[in-house]
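First up is the structure itself, then whatever we jot down about it.
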Amino acid sequence: MERKRSIRRRQKPPFAERAKDHCRNFTAFMFSNVGIIFLVVLYMIAGAFMFIAIEGNEALERFAQIPFKRNETAMKLWQISCCEVNVFNKSVFEEKVGNEIRAYQEKIVLWARRGWQGSDITLESETPWSFSGAFLYSLTVITTIGYGNIVPRTEWGKIATIFYTIIGMPLFLLYLSNIGDILAKSFKWIYAKFCLCRVCPGVARRRAMRARRRARTEERDYSSEIGDNGFDTNTITTSNVDEEIEEEITAETNTVTVPITICIMIMIGYIFFGARLFADWENWDILDGSYFCFISLSSIGFGDIVPGASLQTKGDTKMEISFILCAVYLLLGMALIAMCFNLMQEQVIYKIRSLKKCVRGCFRCAKAVPVPMEEPES
């Protein structure tokens with residue numbers, strides 16, 4: 001008789017449960033320290049394509065009528081001066097011409113408010129909503145920089161900007177928090193290994209002196225007992241010193257705080273690095289580049305100096321790539337600023353706690369001092 005197997009095959013969970021698990025794992029990865037970077041970049045790319053689809057050639061179609069309106073106004077002025085009004089009647093002539101010129105001026109002001117830059121635009125011109133321009137717009141929206149050189153003009157574009165900002169701003173703040181914390185921990189580890197390492201003369205000397213003083217104290221206390229048992233006191237003392245130095249290195253590495261001056265130097269160096277890059281990309285001088293980097297990284301965004309002069313050159317792929325790299329510089333730079341703020345916050349908290357301990361110690365010493373009693377008068 002055949003034996004019945006009691007081993008049951010492991011049943012697969014239902015499809016709905018497996019789909020939930022995959023979605024949960026995917027969401028956890030996307031909001032992790034690594035996935036948040038891809039999520040922000042993909043969100044900006046999706047926003048760029050969305051605004052291109054919404055705005056697109058709408059500005060070109062609107063502004064392409066400007067030359068015809070100007071020619072139409074010129075023809076009206078010619079008709080007024082030739083046919084409609086007697087040129088010798090000065091008051092009537094000035095009134096008619098003034099009305100036409102004022103109407104044309106009102107149109108110019110309206111076009112300028114809608115984004116017209118003053119140059120003639122045809123349907124064959126390059127739209128300001130190229131991929132690089134839309135990518136910059138997406139970046140400035142979620143980072144709250146807001147240069148203002150590229151703005152939506154259609155109703156659907158304005159509505160899309162509102163909802164895009166509502167989702168994008170918390171996402172970018174999460175990016176700054178996670179990436180800033182990672183960079184801060186990494187920089188603390190590098191700073192501890194290179195600036196508080198054993199090979200540094202000053203730090204190593206201070207550690208060795210403290211460890212030797214403790215070792216000598218222990219040696220004096222237990223020299224008689226160790227000598228009677230026949231052990232080598234020098235070997236034990238040396239091993240104790242090495243162990244104590246190693247413990248101090250580990251403790252200081254975990255509790256190290258980066259000085260504020262180093263954080264300020266990092267930010268200044270990154271600003272000058274960007275100023276040099278923009279001097280090559282946009283033909284700016286170092287002062288304008290430094291000013292633009294500081295205004296952008298601090299998310300002030302006045303808009304008086306903006307990148308994008310390269311966008312006026314049609315079909316220049318090199319300039320377009322440089323413009324995308326400019327956006328990447330701002331994206332990484334704001335994470336670096338968040339790292340520096342995180343490190344400076346830890347340094348300030350450490351100083352405040354040290355000051356609090358010092359004040360408490362002073363009060364304890366003041367309370368411990370005995371007050372001399374006054375002698376009774378005879």
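We count from 1, first residue shown onward.
Even glycines carry a Cβ here, placed using N, Cα and C.
Summarising the annotation, TrEMBL assigns transmembrane segment to 28-54, 129-147, 159-177, 256-279, 291-309, 321-344. The feature domain 'Potassium channel' is assigned by TrEMBL to 126-184, 266-348.
Across the domain 'Potassium channel' (126-184), DSSP helix (H, G, I), strand (E, B) and coil residues number 42 helix, 0 strand, 17 coil.
For the domain 'Potassium channel' (266-348), DSSP puts the residue distribution at 64 helix, 0 strand, 19 coil. Highest Cβ pair count under 8 Å relative to the transmembrane segment (321-344), across stretches 28-54, 256-279, 291-309: 256-279.
Mean model confidence of the domain 'Potassium channel' (266-348) amounts to 83 (pLDDT, 0 to 100 scale).
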